[in-house]
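Listed in TrEMBL for this protein:
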- CYS167-CYS208: disulfide bond (DISULFID)
- 38-265: domain 'Lipid-binding serum glycoprotein N-terminal' (DOMAIN)
- 279-486: domain 'Lipid-binding serum glycoprotein C-terminal' (DOMAIN)
- 1-22: signal peptide (SIGNAL)
Amino acid sequence: WAGRMRLRTFRIFLVLVHVSAACEFGPFPYSVTGIVCRMTKPAALLLNQETAQVIQAAFRNAKFPNITGERSMRLLGKVAYGLTNIQVNDLSIEQSEVELKENDAIHIAIKNVTAFFKGTLNYGYAGAWFLQLFHSVDFEIESSIDLQINIKLMCQKDQVAADASDCYLTFHKLTLHLQGDKEPGWLKQLFTDFISFTLKFVLKSEVCNEINFLAQVLANFVHDLAENFVRDEGISVDISLASVPLIKANYLESHHKGLVLYKNYSDVFTDSVFSPSLLTESRMLYFWLSEHILNSLASAAFLDKRLELTIRGEELQALFEMEDTEAQRNAVQMIFQGTSYNNSVAKVWSLAHPQISVQPEGTVVKSLVAVEVSTLPMGEEALMVLYMEKEITVTIQAAYAKKKLILHPLDSRIEFKVFNCTADPSENDPSIRNFLHTMISVVGIPEVISRIEPALTSLMNSKGLHLFEIRNPEIITRKGYIIVQLDFSFPNHLLLDFLQNTL
């Protein structure tokens, strides 16, 4: 037990040392900001409702040392005592309040914490004419406490750190009951008088240390959740802090680098259009994302060969039979020369890094795409019947509803760069190209997007997004950046599971 106490104390000491060490930032903190997170006061008030769970965990997980002492008493001589096996028996919290002090700290006032402690009291005395005697009785301590915790947000190893070492306990009541006896007696009065100060000091020290420890553990937990959310296999986003976290009267804000990490891919970010005035305070949670992140993620996905698609059989048939017209039938007949769709395959892939820009009307994706259609006659090698390269520019609007990502394509532009069709080697027949142009814009682009939607939704849900109750989310595009703003309900079971698994 003593070893565990020394380890816990050492861990808390390390936390304070790391927190006190300043992180190094550039001369202008917004210059490398790719992601900004703002949590407003309504969100802080909501999360404060979960404070009771943390405080209860702090009381229950605190390891109270044995309290020993000795005092000379008239007639009795020296009286030695020891309180051992101290633990929390019951705990309730009446009220918790939170206040954001600008450029200072998050002030949490927890009022009327009623806590019952139990343990064993050992005592003995040796007077001039008394034999040395030792006794042991069970005890219960009834207390009423107010807590004041001031949490400072700092930087530790380039991530947000919570320093809750500024912690105060005020005792309104501290009553000792021996063996369930509620009536004051000489023994109870004796020990209550000269151990109350020591007991208060020990309770404050251990509870506050545990609260500080839990605050940092929770900060690490949130960081790990966020870091995992922006990672998928070999592609990830660096969410290291780009500046010191901010505490304002109505919100908390953190700025993150937002550099994409992928193998030997070097992401360079030298400018940012972020300004605090771009975000309001009407919603609970805001995320500001630079278009640079989207561009870099698209580049990493291209290098990781994720921008490839294969369409076969009935799916391919549905694309080519989007409309039942004579022109469509003639074009398809020429391309496939009577071969069944079931023996055909289409491959679609990106030839270069897609270029992404964010505009008020939506996210604009520009990409050079290749399409190869081949037939697979029975027992023969694949025969390419169509190959084309085209530059596609499409504007996409995004939304999130019913725990699903929704992508809606708006206007699109298609420019053929290369066009080879075995049925029309001279390219004198415009009907095939016209048909393919219509098919790509009307069916092809929505088909690709319809595959991206569930893939991204599944990826986000695998990170636990579906566990949160997100209300009225909005995805707003502006020139050079995206704002995601929302209200939410905190899933209580996540915190309980975390505290149980951690402690």
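Note that Cβ sites are derived from N, Cα and C of the backbone, with glycine treated the same way.
Other Cβ atoms within 10 Å of the Cβ of CYS167 (disulfide bond), summed over all protein chains shown, number 21. On its own chain, CYS208 (disulfide bond) has ALA164, SER165, CYS167, TYR168, LEU169 as residues at least 6 apart in sequence with a Cβ closer than 8 Å to its own Cβ. Averaged over the domain 'Lipid-binding serum glycoprotein C-terminal' (279-486), the predicted model has a pLDDT of 89.
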